[in-house]
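S.K.: Annotation comment: Swiss-Prot describes C2 as active site, nucleophile, evidence class similarity to another entry. Among the features that Swiss-Prot reports, active site, for Fru-6P isomerization activity is placed at K603. Residues annotated as domain 'Glutamine amidotransferase type-2' in Swiss-Prot: 2-217. Annotated domain 'SIS 1' per Swiss-Prot: 284-423, in sequence order. Look at Swiss-Prot and you will find 456-598 tagged as domain 'SIS 2'.
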Amino acid sequence: MCGIVGILGRGPVVDKLVASLRRLEYRGYDSAGLATLEGVRIERRRAEGKLRNLEEQLRYCPPSGHAGIGHTRWATHGKPTESNAHPHATENVAVVHNGIIENFRELRAELERNGAGFNSETDTEVVAHLVDSYLKNGYSPQDAVQASLPRLRGAFALAFLFKANDDLLIGACKGSPLAIGHGRGEVYLGSDAIALAPLTDTVTYLEDGDWAVLTRATCVIYGADGSIVQRETSKSGVSALLVDKANYRHFMAKEIHEQPTVAGKTLAHYLDVAAKRVALPLALPFDFNCIQRISITACGTASYAGHIAKYWFERLARLPCDVDVASEFRYREAPLRRGDLAIVISQSGETADTLAALRYAKGKGLHTISVVNVPTSTIARESESVLPTLAGPEIGVASTKAFICQLMVLGVLAVRAAKERGKLSEIDESQLVRELIEVPRLIAAALLVEPQIEKLARYIAGARTVLYLGRGTSAPLALEGALKLKEISYIHSEGYAAGELKHGPIALIDEAVPVVVIAPYDEVFEKTVSNMQEVAARGGKIILITDAKGASEAMVDTLLTIVLPAMVASFTPLVYAIPVQLLAYHTAVARGADVDQPRNLAKSVTVE
């Protein structure tokens, strides 16, 4: 969601602040701002809309302070206006914030009774006035923050800049990530290592409840109880080159085309390629023979990866599997058996609802595995076992390469579970591993259909509604295709299991409705053809994604048939996801949409 950066520099920090905010744009935002210390005075610059609007403000009279904080805001409390943009400040302190202060109304009422004047609709401004109230009573900045933090309910990451203190930043986090970067004579705060990538690769991640007092020479971290704690400092592994578009127009295009490479890299991490067997890089603390049920929780695209994995765990390992949207998991009061397995999936490893689901599952005594793209994330740190995807930083808000790598990891884990439970022979395991090893090559081949899809996208761009249909493992992929299209092109789209067509969605079909059918030639292909015939009979325009056998057997008029390489049916979603992603991307481009930063969306959703 919101992005935070703070810098104590050796020279003017404004350019570094703006550059770091630029790297945080991928998180999603609708306003931006920064504050620097100019002599003893805090100076703020804020702007509604894109970062370029803030840069325009800074162009003619840039601040020269050597200490500052910056922020990209994704509106939660109050409209996306300049007055609601961060930093929020009093005369004595400025603050930037990611998260939600749940008790801000009662705190605001108390502060207003004591004479505080508010200029915004936000929950964050309460934090500035609360800290300021302690400063006015003679507290030091450190003591004022320490006194304020226990009074805040909710999830937050905070960075504070203080009047007349050009060698002091204070950061705090609870339920939202915050990282400290260490440079030569400089120190940094950031929402993640990507924000700090060109400045430093030496990073310390604060843990839940931590707060830190930073100077250019010292970094003291306190736990929630106020005692000094030690946190591990490590190399971030995030290169500035990895957050560059290279020669691509958009990050999403770059990330789609990186998928053969990152899929191969992820597979190499989890397979013994020479022996054609699964070789996890860690020992799982349980035996799959003792697991009676798997619970998978995730949000958005990651949840569709979970739905596809459900087919694999149940078919291959004969292991019952539930899939829940993370925001609902805690509330449906499902009977969970101690000793069973919960798998949580999150690209960022910071998704608030998924983190809450993880904690709920742990509280019920389940073993926990996280599938995350950031192995230093909160979800990773709190999981019993971590299976990282090796997708590299994903900047585009619409997930592509992380989704494919999530499927890779889950597919490998399903094979491991099946083998451990005696449902696969060594020959069976070897065959499935061979199929997985082929996937990067098949993804590369699938990318060759891009010119066809680019032409098709110009037609889809004029549609008001698009339907996606699929059966088996293609049904969740239909849901993912619809999500991709709607989130970046803003065209209304829905995905359905093809068998559900006649139970409602068929009412939408007419000559103006494109219907994307994902149908590899498999055991349910003939049934999917029947659904296509129902669409054709009502004038719907069919776009069929299949293989050569499917194309020859369909015998249905289509607007376009996209032919993918033939492959064994087990892992088709890993390849059939490619044209689905490309169609969403090129349709969004054709409509002139902001592909990498679609409106109202955030890459890392760190509030519930």
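Placement of Cβ uses the backbone N, Cα and C atoms for every residue, glycine included.
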S.K.: How many helix, strand and coil residues does the domain 'SIS 2' (456-598) contain under DSSP?
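M.R.: Going through the domain 'SIS 2' (456-598) residue by residue, I get 71 helix, 29 strand, 43 coil.
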S.K.: Calculate the per-residue pLDDT averaged over the domain 'SIS 1' (284-423) and state the result as an integer.
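M.R.: PLDDT averaged over the stretch: 96.
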S.K.: Among all the protein chains here, how many other CB atoms are within 10 A of the CB of C2 (active site, nucleophile)?
M.R.: 29
S.K.: What is the three-state DSSP composition of the domain 'SIS 1' (284-423), stated as helix, strand and coil residue counts?
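M.R.: Counting residues per DSSP class in the domain 'SIS 1' (284-423), I get 61 helix, 24 strand, 55 coil.
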